[in-house]
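In what follows, a structure is listed as structure tokens, so that the remarks can point back to it.
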Amino acid sequence: MRQRRKDGGGVVSSAIENPNLYKEEEKKFSNTKRVFALCLAFRIVNALFIQTYFNPDEHWQALEVAHRIVFGYGHLTWEWEKGIRSYLHPLLFALLYKVLALLGLDTPWFMIKAPRLLQSVFSAVGDLYLYKLSHVLFGHCVAKWALFSQLANWFMFFCFNRTLSNSFETVLTLVGLYHWPCMRISSSNIPLHSRKWGLAVAALACAIRPTSAITWVYVGLLELYLTQGRLKFILLEVIPIGALVLGFACLLDRLMYGSWVIVPLHFLKFNFLSSGGDYYGTHNWHWYFTQGFPVMVFTFLPFSITGIINSKYWKLSGLIAWVLGLYSVLGHKEFRFVLPVLPVALIFSGYSLATLQECDSSKGERKGSSNINSKWPSKRQMAILFLLATNIPMAFYMSSVHQRGTEDVMNYLSKEAMSEKVESILFLMPCHATPYYSRLHRDLPMRILDCSPRLNSGNSV
């Protein structure tokens, strides 16, 4: 019997006992490369296609901060003055800007497209791990339809390639879920170091977005319930790995802020203890269940619900309910907050679509059944046609038409500023409604309306 949880040499010793193992591993690796290449090509096209404005944080909490780090000018919002944001995420794009500057490629086109092209690489990794997670849970047939659901879903196309911390959090969520033993149907063949990787990814996600702890508390409690060495899990894995990753994040923020700033503490204090996020609007408690998440899943919703019921895999579907439920407690709600569990819902959609075809690899057996050939393929084709016919127009409109003007005006101004035709700019419009210096890329006087919350009247951090 093969034992792969002892140490790193387990795979080698197993290969000696089973000469076909190398061929199996090579086949899996080759298939993984093909899937990643497909996803990367798709996300690159996706990134180039997006021309609309969605959420201020895409620019103001990532690119604007990165631009200031590299080029020395840019606007920092009140969150950075109060220390409720970590520099981990903006530094990814700061590195990109630095490379562009060194190569002399910090032109308007590259400054506009390069950040989303970098995000497309991260997004492709997320797509790959959605495929890998679906594969280990339900097999190849479900995995390919889960990937189809992910790529075809309008909201993933619209949002996943944007430079939001939520997009990167979603990638980390998919990578982390793949490595946690408790999320598998059987953990007998998982290497022991897999859980350590899962813990590190979870800690990194929480360092970037402290609210990501909502997801990982669920996973951690589930692992604690299912594992046998609970004390060892807590003392030798959770505490050391969590302290190491979060300690690194604190040191990085200490370097960037110039003083010790415990970002997760300030973030949670503002958003949970003082309900500071309510300043930017509130929704009814049931909004995620009745409006927000259904709009994101869109026409995949009936397939996702069917997949949840038929698969009976409650550990994964329970994660969706847990995240939506806890986020519903907060008054301030946004679509992007629950983006990390959208791919999970699409996995179940893939499960449902997979049941509409015969998954037997023997084509000879399928030819012998006229009923299957005449009935199931037509249902599958109708479902695919329905999903594509509803999601493609939505993705096209939201990504290339809706709220495009605020992006176009900055694209125009950046070219005019490059030609020295602009001296100063005043924005008389809602706060943070356009990109800023990260898009203009010229150190010109610019002014905007201020809508910072009144932190001294009950919402101090």
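Note that Cβ sites are derived from N, Cα and C of the backbone, with glycine treated the same way.
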Stated TrEMBL location of transmembrane segment, expressed as one of 256-274, 313-331: 313-331
Distal contacts, the transmembrane segment (87-105) - CB-CB under 8 A, six or more residues away: 61-63, 65-67, 69-71, 111, 114-115, 118, 163, 165, 168, 204, 207-208, 249, 252-253, 256-257
Best-contacting stretch, by C-beta pairs under 8 Å, relative to the transmembrane segment (285-306) and drawn from 199-221, 233-252, 313-331, 337-356, 382-400: 337-356
Cβ-Cβ under 8 Å with the transmembrane segment (313-331): same-chain residues at least 6 beyond its ends: 137, 182-183, 185, 211, 214-215, 218-219, 222, 271-272, 275, 277-278, 282-283, 285-289, 293, 337-338, 340-341, 344-345, 347-348
